[in-house]
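Worksheet: one structure, shown below.
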Amino acid sequence: MSCTPIYKKMNVDKETYEGLNDGLYANLQTTKGNLIVKFEDKKAPVTVANFIGLAEGKIDNKAKAKGVPYYDGTIFHRVIKDFMIQGGDPQGTGMGDPGYKFEDEKNDLQHTGKGILSMANSGPNTNGSQFFITEVATPWLDGKHTIFGKVVKGNDVIDAIANTEKGANDKPKTDIVLEKVIVFSKGDEYKNYDPAKTFTEGKAKIAEQNKMLAEKAEAEQKKMLEDLKAGMQKTESGLYYKITKTTTGKAPKAGDNVSVHYAGKLVNGMEFDSSFKRNEPIEIPIGMGRVIKGWDEGILLLKEGEVATFLIPPALAYGERGAGGVIPPNAWLIFDVELVKVQ
């Protein structure tokens, strides 16, 4: 009696299978090729269980009968080049769901590049079955969409789907079908994995886990802020600054036009903008409210040619509203700046 190797059952070639680390995986077989996904079951256990449970027909839903694989035969209904590909809707319109919603699972994963598997939603805590896979980094989605996996083979397939010809609402003119989802695991840890049980039991714990994670993140940010403040001077308004290169150049006054190079980062180190990378300094009238208060104050502390680092509190930055979907509410900002010219 012959025994079919597991990699053949999963429709994965032997070399690929042997190169995988232990974990939970899925082979998303599409009409454009296969996407091998590794799930983040430790950081998003409920979201992973939801996807696998639906894929295997093990979670009750209103779209398909129990036992029927949920995702098989669905389409990628929304694709945007240099952004992402979206699927998982049983209706294929972007309006479908499994008949239930569950909360976001907060974690420290980020949309750092191509192949990030993340939940689509219509707002906080509205997860169902729709998902997207990034074609590029999308940092403005961090914290707003639950990441639960990553494509480990098939980046060329992502590009093929994202670059297809589209019609209205970014829907491909020719359906790109997710023909079959084959879930598989590697390693002994997952031999008794029960997605339906994990999903049902885990849903009730998401809020508690999110609270713990938020408290941990707050404590870590507090420590990072204290470390950053060390060695800096503080103004009466609360701006922290450190001049790292001094000159005898011209000092600006309010109303002067200045040319400034800068790199802006969040406290966690994520860069959100850089004129250095564009090789194009910004030109603004300083001290006139054209930029955030921390900039207006900080640049006036410098002389032409000087280089400094600003640590700007939320009240002198973007406050409770945040900015552009990239800067979160109540965010401290770090700016490395060079006052290139005072006109």
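Keep in mind that glycine also has a Cβ here, set from the backbone N, Cα and C atoms.
Note that the structure is predicted; figures quoted are calculated from it, not measured.
Marked as coiled coil by TrEMBL: 203-234. Sequence-distant contacts of the coiled coil (203-234) (same chain, at least 6 residues past either end, Cβ-Cβ under 8 Å): 46, 102-108, 240-242, 267-268, 309, 311, 332, 334.
What TrEMBL lists as domain 'PPIase cyclophilin-type' is 33-183.
Feature annotation from TrEMBL assigns domain 'PPIase FKBP-type' to 255-343.
Looking just at the coiled coil (203-234), the mean pLDDT is 90.
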